[in-house]
Amino acid sequence: MTGNPLKPPKQPLKTPKRQWSISDFDIGKPLGKGKFGRVYLAREIKSNYIVALKVVFKEQIEKYRLHHQLRREMEIQTGLRHPNVLRLYGWFHDDERIFLILEYAHGGELYKELRKLGNLSERKAATYIASLTQALAYCHEKHVIHRDIKPENLLLDHEGRLKIADFGWSVQSRSKRHTMCGTLDYLAPEMVENKAHDWAVDNWTLGVLCYEFLYGVPPFEAESQKDTFRRIMKVDLSFPSSPDICAEAKDLISRLLVKDSSKRLSLEKIMEHPWIVKNVNPVCPK
Ligand code: AMP
């Protein structure tokens, strides 16, 4: 194999000019374990380039009939180029495994940071929301709806820059979708109800995340899934008195957690919202 993984073939899935194999990489420490495989730190030997190698067992993919989903995830992610979207440089397979060559996110999961700190400062929360908004605007422009934005799917690079990862539930489509998917706490009412949905589900999720960043728990958390469903459908939103969060942040959340998807604040308007403008460092928004 030759070349640098920074410059993968333009369409590695359709016309792989270069055949990667496991012998092209030095495998390092495990970085984590997902539902269907493990992720390792790895170095591409020729270029010395550090990547994260995700190893998925074909048997698992067959068992759970995830072939279609994995292919879609790979096709979508290889086509995306944005500073806040984790790059998928390429992929290869052997008899038993599929390997995804991913950008390495040194800071790990945002979820861990959030759990460690309890909640984030308004400045940090606003910076992450602005990064996510810009990444989602880019995805929506390409007709990609992520549909599963949650702290576990957000990684941080060595500079603390947020990266959207895991496009397992994403879809590239101009028409309305019907599949119910995603994680309950982050689901928009139209998805809970199994109704047709579009890109506006990601805007709802931004509201959920903004709340969780600031208060440490998602807004519709409940004892049972049934109660969470109910709270989402009613948009049963309340703001705890502690921590003390400014009114502008609450205003942004309230404008995103709107049942009528056509009335939710647009991504463009999020970037112009006073809370975002006030809290995001314009020189270096990560
Ligand atoms: P996943 O199978 O994608 O859910 O990944 C499992 C875990 O591996 C994640 O929760 C992260 O902690 C870690 N991980 C996945 N991808 C990367 C990456 N590109 N860089 C660093 N850590 C990663």
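Any Cβ shown, glycine's included, is placed from N, Cα and C.
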Co-listed ATP-binding residue [TrEMBL; alongside LYS54, LYS58, GLU103, TYR104, ALA105, GLU152, ASN153, ASP166] among LYS35, LYS195, LYS226: LYS35
Integer average pLDDT (0 to 100) for the domain 'Protein kinase' (25-276): 90
Among LYS35, LYS58, LYS150 [recorded positions], residue with fewest other Cβ within 10 Å: LYS35
Entries of LYS58, TYR104, ASP148, LYS150, ASP166 (recorded positions) sitting next to ligand 1, with Cβ under 6 Å as the cut-off: TYR104, ASP166
Sequence-distant neighbours of ASP166 (ATP binding site) in its chain (C-beta under 8 A, six or more apart): GLU73, ASP148, GLU152, ASN153
